[in-house]
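Quick look at what TrEMBL lists:
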- Gly57, Ser58, Gly59, Lys60, Gly61, Thr62, Arg170, Gly213: ATP binding site (BINDING)
- Arg83, Lys104, Ile105, Val106, Gly131, Phe132, Pro133, Arg134, Arg174, Arg185: ribonucleoside 5'-phosphate binding site (BINDING)
- Asn138: CMP binding site (BINDING)
Amino acid sequence: MWRRVASVSHLFSHSKSTKFNQGGSTFKIWETFTSESEIPTPSKGSPFITFVLGGPGSGKGTQCAKIVEAFGFTHISAGDLLRREIASGSAYGSVILSTIREGKIVPSQVTVQLIQKEMESSDNYKFLIDGFPRSEENRKAFEQTIGTEPDVVLFFDCPEQEMVKRVLNRNQGRVDDNIDTIKKRLEIFDELNWPVINYYSQRGKLHKINAVGTVDEIFEKVRPIFAPLSK
Ligand SMILES: Nc1ncnc2c1ncn2[C@@H]1O[C@H](COP(=O)(O)OP(=O)(O)O)[C@@H](O)[C@H]1O
Ligand SMILES: Nc1ccn([C@@H]2O[C@H](COP(=O)(O)OP(=O)(O)O)[C@@H](O)[C@H]2O)c(=O)n1
Ligand SMILES: [Mg+2]
């Protein structure tokens, strides 16, 4: 199993701040530009962790598949792990299912344990953790249990209308891909996601990517972030 050896500092040559309103409060996020940010050098023996954030239908899973192909990451989708848990008939299955149906967030303890098991059973050291953390609670639980922070955080920024259109056309038979659940998921995303984004933005780890365009166009914005890594 891998063990974290040392953290590497992150240098960002360029950043700007943007103000936005959320629930009546004003937040300021520091944006870093993907083309001008540097990522730490990964080494075998310590995990290189990328969190992949974005609303439902923003294209996280689709871009993860491209990153895996180009850069040899192991893709761990929190949603897929939870759906697998339901399908396996586990004791947590029914509570996970009703939580997903309501568009809410499964208790972090459950999700982090599933992610930890996947990481520990992998021979790889480069991980894409997709759809996680979806809340500050998720983020803190990961840090406490795994004992480390991500090296890179991607945020696929997509307008709501586009996300709704994509989710309704996804056609994977998911219980949460219907208009009622999508509305709830977007509300929860809006409420819980921004503090996480803000946190990583302030730590200089956030790469915000405009998720509108073709899959290939978006991947061309992702590619330079990982270019220093070999497959
Ligand atoms: N850039 C894109 N333009 C149009 N449709 C897309 C794009 N990226 C992904 N999709 C489609 O949108 C749906 C949601 O994509 P997915 O990768 O599952 O998003 P997420 O994991 O963020 O929910 C899928 O049907 C996918 O094929
Ligand atoms: N960290 C996470 C990730 C997903 N989930 C649940 O799983 C659902 C589906 O997550 P997903 O990542 O597969 O969804 P998409 O954003 O890919 O559409 C979420 O709406 C939550 O109900 C969670 O509770 N906690
Ligand atoms: Mg997904």
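Positions of Cβ are set from backbone N, Cα and C atoms, glycine also.
Annotated features taken from TrEMBL, shown on the structure.
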{"residue": "Ser58", "record": "ATP binding site", "Cβ neighbours (10 Å)": "26"}
{"residue": "Gly59", "record": "ATP binding site", "Cβ neighbours (10 Å)": "23"}
{"residue": "Lys60", "record": "ATP binding site", "Cβ neighbours (10 Å)": "24"}
{"residue": "Thr62", "record": "ATP binding site", "Cβ neighbours (10 Å)": "15"}
{"residue": "Arg83", "record": "ribonucleoside 5'-phosphate binding site", "Cβ neighbours (10 Å)": "19"}
{"residue": "Ile105", "record": "ribonucleoside 5'-phosphate binding site", "Cβ neighbours (10 Å)": "19"}
{"residue": "Gly131", "record": "ribonucleoside 5'-phosphate binding site", "Cβ neighbours (10 Å)": "22"}
{"residue": "Pro133", "record": "ribonucleoside 5'-phosphate binding site", "Cβ neighbours (10 Å)": "28"}
{"residue": "Asn138", "record": "CMP binding site", "Cβ neighbours (10 Å)": "23"}
{"residue": "Gly213", "record": "ATP binding site", "Cβ neighbours (10 Å)": "13"}
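Neighbour density for Gly61 (ATP binding site): within 10 A of its CB lie 19 other CB atoms from the protein chains shown. Only Ile105, from the binding-site residues Gly59, Ile105, Arg174, place their Cα within 10 Å of the Cα belonging to the residue listed as 'CMP binding site'. Within the set of binding-site residues Arg83, Ile105, Asn138, Arg174, no residue has a CB atom less than 6 Å from any atom of ligand 1. The DSSP secondary structure for Gly61 (ATP binding site) is helix. Local packing around the binding-site residues Gly57, Arg174 was summarised as the count of other Cβ atoms within 10 Å of each Cβ; on this measure the leading residue is Gly57. Among the binding-site residues Arg83, Ile105, Gly131, Pro133, Arg174, the residue whose Cα lies closest in space to that of Lys60 (ATP binding site) is Gly131. Contact annotation for binding-site residues (Ser58, Thr62, Arg83, Arg174) versus ligand 2: none, no CB falling under 6 Å from a ligand atom.
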